[in-house]
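Have a look at the structure below, then the notes.
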Amino acid sequence: MDASASSMLRSAFHVVPPEEVLARRADGRRRTGEGFGLATLTLLGIGASIGSGIFVITGVAARAAGPAVVLCFLLAGMSSLLSGACYGELASRLPVAGGIYVYLRCSLGELVALVVSINLLVDYVVGAAVLARSFAAYVARGVPALSSFAPLARGTGILSPNPYAPLLVLLMSALLVRSAAHSARTNNALTALKLAVIAVVLGAGLPSAHPELLTPLAPTGAAAIIDTTALLAFSYTGFDAIANAAEDVERPARVVPAATALCICTCAALYAAVSFLLVASVPFEQIDVAAPIAQIFAPSGGGGGGGGGGGGGGGGGLAWLQTLISIGSAAGVATTLLVGLFAQARVLLGIARDAPIHALRPLARESVGTRTPWAAHACCGLVAATLAALLDVQELAPFLSAGVLMSYAAAAIAVLVLRMDAAPVDADLPRTTRRSRGALACFCVAVPVASRLAEALPWSFSWYASIVASVLSAVPFALLQKYGAAPAGVFSMPLVPFLPLIALTCQLLLLANLPWQAGARIAAVAVLVVGAFVASYAPIVDNSTLRVTLLPGGEVRSGALPARAHADEAAGARAESERAEAAARAGADQGDEAARGDAAPAAAPSSAAPPRDASAS
């Protein structure tokens with residue numbers, strides 16, 4: 001392996017010390033001018049979660065799992081609570097912009113951090129497009145004249161232009177560019193409106209629910225419950241947005257974990273209540289996946305399909321709520337989109353700050369006054385608006401959860417790695433740590449493979465086999481590695497390594513049960529990221545014959561600026577040269593002091609010399 005390839009490989013898996021990352025926080029905290037508190041941060045997470053779950057994905061999940069959708073939301077909430085605890089420790093330990101990218105760069109290296117964070121960005125951008133299309137559908141329901149003025153969508157298949165969908169994306173992006181504080185206040189107001197609408201829905205709809213629609217509980221089978229639970233992981237992405245806002249929080253060590261727990265528990269309770277109302281009011285096979293909540297109170301009586309005439313009357317009698325539901329639902333989707341754009345811009349900012357891919361470096365630009373990352377917001381907003389204007393929601397749905405689940409699993413791995421009693425970053429890893437990291441990699445491969453192999457068994461044995469395989473795979477972590485405590489003053493996840501391993505197992509099992517398109521998307525994004533990473537080192541080969549000369553002042557003499565690897569080598573050589581010069585100066589100073597000490601006894605004779613010289617002359 002030549003020097004350039006070796007340098008690229010070292011950089012790909014180079015781990016940055018957390019102390020180096022924390023050095024940026026003092027500068028980054030001046031971005032908004034005011035820090036987020038517990039209430040604002042909790043509403044930020046709820047605003048990101050409630051909307052994508054209740055107002056968009058609920059219909060898709062109910063059609064897939066039937067009345068068991070309530071159980072799916074609770075299972076996804078329990079899994080997200082474990083992952084949220086991992087995020088809480090990481091965000092309180094590394095409260096800077098970048099989220100999962102920063103956490104993985106401090107634990108697994110730069111290339112792994114890029115692959116996972118770019119996959120998460122794909123989910124965020126595609127999710128923003130899905131939300132924008134849903135917003136247009138809700139507005140069309142509330143204001144029918146818009147559909148007659150301009151068709152909601154044209155074309156068939158994946159290309160289905162929509163003139164209204166990108167408008168909200170561009171509006172929210174402009175609001176975020178102004179300042180994070182104004183965006184937070186807007187989110188607080190819209191989230192309060194959304195929660196009020198949910199309260200009205202529950203209060204008005206529960207009395208007319210039809211319990212007979214809840215049987216059978218799982219009409220589509222147990223496998224559909226697992227697949228739907230994996231799909232619903234995107235409904236709890238609020239805690240990821242909370243972690244990405246940690247740089248703007250006054251006391252992240254206390255506020256971020258508390259806001260994460262409050263957000264997940266509140267969202268799980270609301271999801272369970274609203275999904276129960278949906279499947280108890282409308283037969284699951286008749287649910288409108290585009291706008292399911294408004295269908296409950298449609299004038300046609302959505303609940304009458306399974307509950308006889310009484311259901312239809314109950315729905316028709318509450319027809320006046322349809323417009324309110326559509327407007328409130330649109331407001332909820334707007335908050336989810338707003339916070340999603342906020343979070344994805346923070347992830348992109350973290351990547352662009354380090355600029356491992358040089359083309360992303362301009363995206364780290366910030367406004368002078370408010371310190372908002374306007375370039376990252378503009379990039380994310382334009383891409384999401386383009387997708388929303390051109391692509392159909394149903395064509396985008398299979399791609400939503402892959403990056404989210406991948407980032408959740410990576411967060412659990414980051415907690416385990418950072419808790420290992422490893423040597424300093426620049427030293428060789430001790431043998432026990434190397435073995436533990438190898439066991440961790442084997443565990444991440446064994447659990448999905450065991451889950452897939454278990455599908456060949458009868459259902460009564462398949463999940464038993466998966467659980468047994470997961471437990472046996474976790475044994476090496478208890479035998480080969482000890483785990484230290486988190487640094488003082490930050491949130492410490494309890495029962496390490498057991499709870500992170502449970503969280504990791506849940507995410508790996510859910511990843512294994514995603515559609516094949518999701519896995520293909522992860523692989524395609526990974527190939528593109530690795531290609532871009534290698535391309536950023538392409539000048540290394542072209543400049544391999546250049547001779548770089550280090551001048552005494554640290555200047556680099558060459559025909560052009562050296563490539564990144566040469567810059568790293570030059571920096572190391574310059575540091576070594578400076579240390580040698582410092583040692584030489586120290587030796588010279590000691591020699592001068594010794595010479596002055598030897599010359600002191602001869603000072604008197606030498607003082608008489610000038611008169612002799614003068615007289616002789």
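For all residues, glycine too, the Cβ spot is worked out from N, Cα and C.
For reference, TrEMBL has these:
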COMPBIAS  567-582  compositional bias 'Basic and acidic residues'
COMPBIAS  597-617  compositional bias 'Low complexity'
REGION    567-617  region 'Disordered'
TRANSMEM  35-62  transmembrane segment
TRANSMEM  68-90  transmembrane segment
TRANSMEM  158-177  transmembrane segment
TRANSMEM  189-209  transmembrane segment
TRANSMEM  221-243  transmembrane segment
TRANSMEM  255-279  transmembrane segment
TRANSMEM  319-343  transmembrane segment
TRANSMEM  374-391  transmembrane segment
TRANSMEM  397-418  transmembrane segment
TRANSMEM  461-480  transmembrane segment
TRANSMEM  492-512  transmembrane segment
TRANSMEM  518-538  transmembrane segment
Listed stretch, out of 35-62, 158-177, 221-243, 255-279, 319-343, that has the most CB pairs under 8 angstroms to the transmembrane segment (397-418): 221-243
Highest-contact recorded stretch vs the transmembrane segment (189-209), from 35-62, 68-90, 374-391, 492-512, CB pairs under 8 Å: 35-62
Residue numbers, six or more beyond the limits of the transmembrane segment (319-343), whose CB comes under 8 Å of its CB atoms: 44-45, 47-52, 54-56, 99, 124, 127-128, 131-132, 134-135, 138-139, 141-142, 168-169, 172-173, 175-176, 180, 183, 186-187, 190-191, 193-194, 196-198, 200-201, 204, 237-238, 240-241, 244-245, 291, 293-294, 296-299, 377, 380-381, 384
Non-local residues, at least 6 beyond the ends, that sit with Cβ under 8 Å of the transmembrane segment (255-279): 36-38, 41-42, 44-46, 49-50, 53-54, 58-59, 61-62, 66-67, 69-70, 73-74, 77, 80-81, 84-85, 87-89, 91-92, 95, 198, 201-202, 205-206, 209, 213-214, 235-236, 238-239, 242-243, 246, 249, 287, 292-293, 296, 491
